[in-house]
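Peer 1: Annotations for this protein, taken from TrEMBL, read as follows:
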type	residues	note
BINDING	113, 133, 134, 135, 136, 137, 138	S-adenosyl-L-methionine binding site
DOMAIN	1-225	domain 'tRNA methyltransferase TRMD/TRM10-type'
Ligand SMILES: CN(C)c1cccc(CNc2ccc(C(N)=O)cn2)c1
């Protein structure tokens, strides 16, 4: 899976994206993350990428020409047009379900805006979908793009060594994850729940499901409601 990220801060990307799991996945050739500097596609000596908004108002807007040219450079010679996602507060909120959907794509282009956003003609012409990582405003789309790359990449087969774990993972089955423990069995007088040391897998499974339901009901009643509704349909 390939991500081309159009950004004003490409070096930020390469630093974060070559670390840990994503870095290893790149070495294994499972994913590629390519940061493109929008400023490299400016045509003036000041390498201008933004300008004042028509109609007035505070802040600056990212101009068409550098973004269009950067996009054309990235897509030149490609057989199929990759899906273009614009990271914006107005986008569809990124959930695990959306991440699973996006992990099926072969090639994604992510546009990172700055200032007050980008010229609307870029969105009309190039953007397939706007995605938000949550209802808050950041100084740029770079962090949202990194969040998207992280949560989508870990779903690409081979990226995570313990792939089997997806089914119990938080938000994967619509519930929050059960509590996790590891050695030692007792730490400063605090015990690990007996059941987990029993080796009785059926009971452990039951205990974990009960914990997942209980903590979802308490921490995320909205998810709990959805889960109840969706299981009503099933026998
Ligand atoms: C209108 N405006 C301020 C604006 C418009 C577009 C992009 C940006 C760049 N900042 C971002 C980007 C995404 C998110 C998110 N929630 O995913 C939060 N902030 C700001």
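Glycine is no exception: its Cβ is also placed from the backbone N, Cα and C atoms.
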Peer 1: Cβ atoms within 10 Å, counted per site: which of 133, 137 has the most, among these binding-site residues?
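Peer 2: Selected residue: 133.
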Peer 1: List, in sequence order, the same-chain residues at least six positions removed whose CB sits under 8 Å from that of residue 135 (S-adenosyl-L-methionine binding site)?
Peer 2: 89, 93
Peer 1: In Å, how large is the greatest distance between any two Cα atoms among 113, 133, 134, 135, 136, 137, 138, the listed binders of S-adenosyl-L-methionine?
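Peer 2: In whole numbers, the farthest two Cα atoms are 16 Å apart.
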Peer 1: When you measure from the Cβ of residue 113 (S-adenosyl-L-methionine binding site), which residues in the chain that are at least 6 apart have a Cβ under 8 Å away?
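Peer 2: Spatial neighbours, sequence-distant, of residue 113 (S-adenosyl-L-methionine binding site): 62, 86, 87, 88, 140, 141.
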Peer 1: Could you please provide the mean pLDDT value for the domain 'tRNA methyltransferase TRMD/TRM10-type' (1-225)?
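Peer 2: Across the residues of the domain 'tRNA methyltransferase TRMD/TRM10-type' (1-225) the model's pLDDT averages 95 on the 0 to 100 scale.
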Peer 1: Which one of these binding-site residues has the most other Cβ atoms within 10 Å of its own Cβ: 134, 136, 138?
Peer 2: 138
